[in-house]
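Inspection log for the structure reproduced underneath, given as structure tokens.
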Amino acid sequence: MVLIKVLANLLVLQLSYAQKSSELVVGGDECNINEHPFLVALYTSASSTIHCAGALINREWVLTAAHCDRRNIRIKLGMHSKNIRNEDEQIRVPRGKYFCLNTKFPNGLDKDIMLIRLRRPVTYSTHIAPVSLPSRSRGVGSRCRIMGWGKISTTEDTYPDVPHCTNIFIVKHKWCEPLYPWVPADSRTLCAGILKGGRDTCHGDSGGPLICNGEMHGIVAGGSEPCGQHLKPAVYTKVFDYNNWIQSIIAGNRTVTCPP
């Protein structure tokens, strides 16, 4: 694979995400204000609307989905309520963006990962702290947590003032393969959700973290429409498979290749 630093937005990639262009947590409740210091909100200078989420992994780097890229993107850290500001909230802009170019599957949707270097490092505080990258892969049955400011209703365009959280489980990949043609069996993705339905990421949650045992194991990539349907779990980029790529980019190695 070839590593490229993309300065233009990924228009084709974005248009391909009809299922969950940006997602929110359906079937969840308001997150505890202190449980998501790593959660960031992505928006643009032209709009205050949150179109995606992401996660802070150190003072200078944020991990999110490639299809969340926009021109003039802004990253807000330390936020809980959209309307009541935390004293330690900070806003940053990108210094650089890094992607994996997918040559095996032209639409690139099975490598939905973007690493953003911030123009200025953040200051850690009560509501701003990094999440750990995965130390090992998590298997089927692992309980994980999803969170975001995304849509909370499957029938109405209802978006919360505060992030919502809920627990889901990693399920067998076979549940996702027939639902999403861009998720082949050998893709580096996780399939996760509640098979009976009712709990899911949704529009506005894309790019946000899948947290398992305190580590970021997934990035919200895509799913069904409407969200939270019976036997229709969602797809998450498998962060563990990109650990070496992420650490190499952070260390300054711009020639590192993405996992095949």
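Every residue number used here counts from 1 along the chain in the order it is shown.
Each Cβ is built from the backbone N, Cα and C atoms, and glycine gets one as well.
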Record Swiss-Prot, residue CYS176, disulfide partner from CYS165, CYS191:
CYS191
To the nearest whole angstrom, what is the C-alpha distance linking CYS212 (disulfide bond) and SER206 (active site, charge relay system)?
17
Write down the Cα-Cα distance for CYS227 (disulfide bond) and CYS176 (disulfide bond), rounded and given in Å.
14
By the count of other Cβ atoms within 10 Å, pick out the sparsest of the disulfide-bonded residues CYS52, CYS68, CYS191, CYS202, CYS258.
CYS258
Pick the one among the recorded positions SER206, ASN253 whose Cβ has the fewest other Cβ atoms within 10 Å in this structure.
ASN253
For ASP112 (active site, charge relay system): DSSP state (helix, strand, coil):
coil
CB neighbours of CYS212 (disulfide bond) within 10 A?
23
